[in-house]
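Worksheet for the structure shown next.
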Amino acid sequence: MTMKMMVHIYFVSLSLLLLLFHSYAIDIENEITEFFNKMRDTLPAKDSKWLNPACMFGGTMNDMATLGEPFSAKCPPIEDSLLSHRYKDYVVKWERLEKNRRRQVSNKRVKHGDLWIANYTSKFSNRRYLCTVTTKNGDCVQGIVRSHIKKPPSCIPKTYELGTHDKYGIDLYCGILYAKHYNNITWYKDNKEINIDDIKYSQTGKELIIHNPELEDSGRYDCYVHYDDVRIKNDIVVSRCKILTVIPSQDHRFKLILDPKINVTIGEPANITCTAVSTSLLIDDVLIEWENPSGWLIGFDFDVYSVLTSRGGITEATLYFENVTEEYIGNTYKCRGHNYYFEKTLTTTVVLE
């Protein structure tokens, strides 16, 4: 075979491969469109009657909001991973849907193309908004957004053990719901503002990093998120807090306890508990897993399942048999307890009483 023929065959093969790939990509896009068309068909009449038949439907979104805080929502097709790649250069129009009419949302409630409510109150709960995305080519896609009230979080506890990740520091996350439109975040420890000096403290987005951890880093950490709004002279401020407890390096050894036999009766339920007792009662870092005779992990399934509990340095995984049959007799199940440092296994066998 000459070089010329080999080159010709190569390009023919490449062309066929590209053709097949293009055909496959078209099939995928058609399936995505069909999926959202079916979703449109399942909408209640109070929603579907407002949709433009010339536009594709891009889904619905139910977003959570906290009273007295900013609320933000993207148009569903812009956020959906199946559709977002289709729309790169577009404008978004927002409308509020009422019983017998729809009203355009004012500019003060739109920020960077997203629905934006600076101070969310109960009157906004369960309101419906229709968004229409229109590209420069004239293609359009619509989505529907609803919002529901979420109870504001309390102070979240966090425990850090010295020696675990000292190289990377302790990271504290400011758990605000809508962070994409904030202006800046300031952090406080025990009511005193933290100086972000990139030595002891550094800040990356919504995270505060505490370098060279020590016991004295324990305390209450508050993050204050500042938002800008054209209607309000002063910033809107939202806060979250963490209670950090730094503990000395612990002994991560543990004892695994399991009866070597499960005494059962045919036709009745049975259970057995595998227990891990940590040397240090300050931490619960042991994970227990059950394996069936074939070596597969047992989860929360029918017939035979496992339930995990943990408290005060003691971790338990109970293996339940809903209805013992003869096929279980003689089976051996493995309990595996492990943490980052150690791993232990014990077995138990099903026997008739």
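Cβ atoms here come from the backbone N, Cα and C positions, even for glycine.
Small disclaimer: the values here were computed from a predicted structure and weren't measured.
Annotated features, as they stand in Swiss-Prot:
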DISULFID  CYS75-CYS131  disulfide bond
DISULFID  CYS174-CYS223  disulfide bond
DISULFID  CYS274-CYS335  disulfide bond
DOMAIN    157-239  domain 'Ig-like C2-type 2'
CARBOHYD  ASN119  N-linked glycosylation site
CARBOHYD  ASN184  N-linked glycosylation site
CARBOHYD  ASN263  N-linked glycosylation site
CARBOHYD  ASN271  N-linked glycosylation site
CARBOHYD  ASN323  N-linked glycosylation site
SIGNAL    1-21  signal peptide
Return only the integer: C-alpha distance in Å from ASN271 (N-linked glycosylation site) to ASN119 (N-linked glycosylation site).
52
If I take the alpha carbons of CYS174 (disulfide bond) and ASN184 (N-linked glycosylation site), what is the distance between them in whole Å?
12
Please work out the mean pLDDT for the residues of the domain 'Ig-like C2-type 2' (157-239).
88
Note down the number of other Cβ atoms within 10 Å of the Cβ of CYS223 (disulfide bond), including every protein chain shown.
23
Counting across all protein chains shown, how many other Cβ atoms sit within 10 Å of the Cβ of ASN119 (N-linked glycosylation site)?
15
CYS131 (disulfide bond): which of the recorded positions ASN119, CYS223, CYS274, ASN323, CYS335 is the nearest Cα neighbour?
ASN119
What recorded positions in the list CYS75, ASN119, ASN184, CYS223, ASN263, ASN323 lie within 10 angstroms of CYS274 (disulfide bond), counting C-alpha atoms?
none
In DSSP terms, helix, strand or coil for CYS223 (disulfide bond)?
strand
Per DSSP, what is the helix/strand/coil residue tally across the domain 'Ig-like C2-type 2' (157-239)?
3 helix, 40 strand, 40 coil
Residue among recorded positions CYS75, ASN119, CYS223, ASN323, CYS335 with Cα closest to the Cα of ASN263 (N-linked glycosylation site):
ASN323
Candidates CYS75, CYS174, CYS274: member of the disulfide-bonded residues with the richest Cβ shell (10 Å):
CYS75
Tell me whether ASN271 (N-linked glycosylation site) sits in a helix, a strand or coil according to DSSP.
strand
Same-chain residues at least 6 apart in sequence whose Cβ lies under 8 Å from CYS335 (disulfide bond):
LEU256, LEU258, CYS274, ILE288, GLU289, TRP290, GLU291, ALA317, LEU319, THR345, LEU346, THR347, THR348
Counting across all protein chains shown, how many other Cβ atoms sit within 10 Å of the Cβ of ASN184 (N-linked glycosylation site)?
11
